[in-house]
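Novice: A single structure is presented below for examination.
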């Protein structure tokens, strides 16, 4: 898409705004509509848009396979890890209220927040990986 | 003490976490993925044993995820049936994982190995999740986890056909999952709850509703597809034949068993047996279908020339036995059916592991290529013989125990005409197993022309009687499963005790 300068400029310009919106959706997850999955998809879409405009090689330069593999696992590990912390803190699996973070209410809020972040990371990088895998003709 | 209470969730979360850690640390050393997967599956096995002990001591375990009380929250509910299947799944997962190292080194590319173990662990997590959960929607979620990882595992096969087989399974598996989801949707619409224990209480009042009837229809078709009940078994032979050997072992030994478990749980646990008998004759339909599965599966197995494909068709027949025992709705038959989940996992696991050893050593997958293999790989072939005899249902092996109970159950249920079906199935399996055993040990007694139609033959005559046994890391687990086929054939008290309790529980609900 080298000749489509408008597409490239616009997609480059939009990427940070899309990402910011994605972070908003993820952060909003425990309070209203939105959440880790939706936000993660938007976050992944920003990268996918970039790759569509600039090509696979340029995209891989920005985000290598290795890095996205690591993030894919990390996100889900954050989720599972918070669950385990709840057990260690004396509750059931994913019983956020038991987390030692001040009041039960605040602990519930932060626990759920952490979960949304984990889900968001995994979903975003899984989206990107799926896109790369289907786009390259091997 | 705290952790003892948390075991129901840890058995799911620990393999899940380590599945995700494997690709992260797998680059460091090529042995690490194997070590992690073997250790963790062993831990799961220990946890499942401990859960079984707890259930035997104190009765049903109920674990509330996130502290939310059922039916609002998700519940992990463990009773005799669950705990039993959980032990079978985690034990086989452990044994296959131990066995897998050399076979994976041969059959999976270096860069895919840590991914392979990651997906393997996810697959096990999904299967154990289906078994442990007491929430019907959670069953669907775990079903998807195990199915999706199953498709990936099959696609890792060396041949290009593996992709086609995986795609086939993907399409049919997705249809099955969709049917199950629609079924769940209908009963949720009718009752407003997803908790299995709660559903069981609420459904009888709604047995006259068409919606519940339709839901059961969707469940039956979806689950039959998933557990490869004849005539919906078409995905299974290709999937088992082209998957890597290790994957064939684990899928043949556990995946279809978990499908059977899900069917038992939904037909007898969610709906009640009186519904199945009085409102629609689903039990009668399944009796006919599973009888056909027993005969047709075994007959098709006889016609196969590829070893893995033959074992796959034999699985179709054996699944017929399990379903037949279950739908007779008799306590003895149900016991036979539940215990056959263990027995078939042991013998089919052992048989597929033997095939893995043969493939590892010679690359032969063809039945005629096995000629004279008894001298070449005596221990492997001994394991094959034992597991094969179990498959026929010879007394003193596990196959006999379950078939005996199912046959007694058929008599109790006054369906004597099923006895010939059971016996014919056994005789037909004797034909296909004996064909191989004769080939292995008495190569000269078979006419030459029967053995020459494949390309494997030339290779075998070159180093025919040389001793070249599979490595011990593969042979050990294979022999262990074969030994258990004999052990539980002679002393079946412990599994029978649990299976009987599970049967009573399923039928009295």
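Glycine is no exception: its Cβ is also placed from the backbone N, Cα and C atoms.
Just so you know, TrEMBL annotations are computer predictions that nobody has curated.
As listed in TrEMBL for this protein:
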TRANSMEM  B:7-25  transmembrane segment
TRANSMEM  B:31-56  transmembrane segment
TRANSMEM  B:77-99  transmembrane segment
TRANSMEM  B:114-132  transmembrane segment
DOMAIN    B:134-428  domain 'NADH:quinone oxidoreductase/Mrp antiporter transmembrane'
TRANSMEM  B:139-157  transmembrane segment
TRANSMEM  B:169-190  transmembrane segment
TRANSMEM  B:211-230  transmembrane segment
TRANSMEM  B:242-267  transmembrane segment
TRANSMEM  B:279-304  transmembrane segment
TRANSMEM  B:341-361  transmembrane segment
TRANSMEM  B:417-437  transmembrane segment
TRANSMEM  B:479-499  transmembrane segment
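Quick one: where do these features end up spatially?
Specialist: Below 8 angstroms of C-beta separation, residues 8, 11, 34, 37-38, 41-42, 44-45, 47-49, 51-52, 55-56, 59-63, 120, 124, 127-128, 131-134, 196-197, 246, 249-250, 253-254, 257-258, 261, 264-265, 338, 341-342, 345-346, 349, 353, 356, 473-474, 476-478, 480-481, 495, 498-499, 501-502, 505-506 of the same chain, each at least six residues beyond the ends of the transmembrane segment (B:77-99), sit close to that stretch.
The list of residues near the transmembrane segment (B:114-132) in space but at least 6 beyond its ends in sequence, with Cβ under 8 angstroms from a Cβ of it, reads 8, 11-12, 15-16, 18-20, 22-23, 26-27, 32-34, 36-37, 40-41, 44, 48, 76, 78, 82, 85-86, 89-90, 93, 97, 100, 104, 108, 138-139, 141-147, 149-150, 152-153, 156, 244, 246, 250, 254-255, 258, 261-262.
Among residues of the same chain six or more beyond the transmembrane segment (B:139-157), those with a C-beta under 8 A of the stretch's C-beta atoms are 107-108, 112, 116, 119-120, 122-123, 125-127, 129-130, 133, 163, 165-166, 169-170, 173-174, 177, 180-181, 184, 226, 239, 242-244, 247, 250-251, 255, 258, 262, 265-266.
Outside the transmembrane segment (B:169-190), and at least 6 residues removed from its termini, the chain residues within Cβ reach (under 8 Å) are 136-137, 139-140, 143-144, 147, 150-151, 154, 199, 203, 206, 209, 211-212, 214-219, 221-223, 225-226, 232, 234-235, 238-239, 270.
Residues 52, 56, 80, 83-84, 95, 335-336, 338-339, 342-343, 346-347, 349-350, 353, 379, 382-383, 386-387, 390, 395-401 of the same chain, all 6+ positions outside the transmembrane segment (B:479-499), place their C-beta atoms under 8 angstroms from a C-beta of that stretch.
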Novice: Counting only residues 6 or more past its boundaries, what in the same chain has a CB within less than 8 Å of a CB in the transmembrane segment (B:7-25)?
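Specialist: 32-33, 36-37, 40-41, 43-44, 47-48, 50-51, 54, 61, 63, 65, 76, 78, 86, 90, 114-115, 117-122, 124-125, 128-129, 132.
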Novice: Which residues of the same chain, at least 6 past either end of the transmembrane segment (B:31-56), have a Cβ under 8 Å from a Cβ in it?
Specialist: 4, 7-8, 10-11, 14-15, 18, 21-22, 25, 78-80, 82-84, 86-87, 89-91, 93-94, 97-98, 100-101, 104, 113-114, 116-118, 120-121, 124, 128, 498
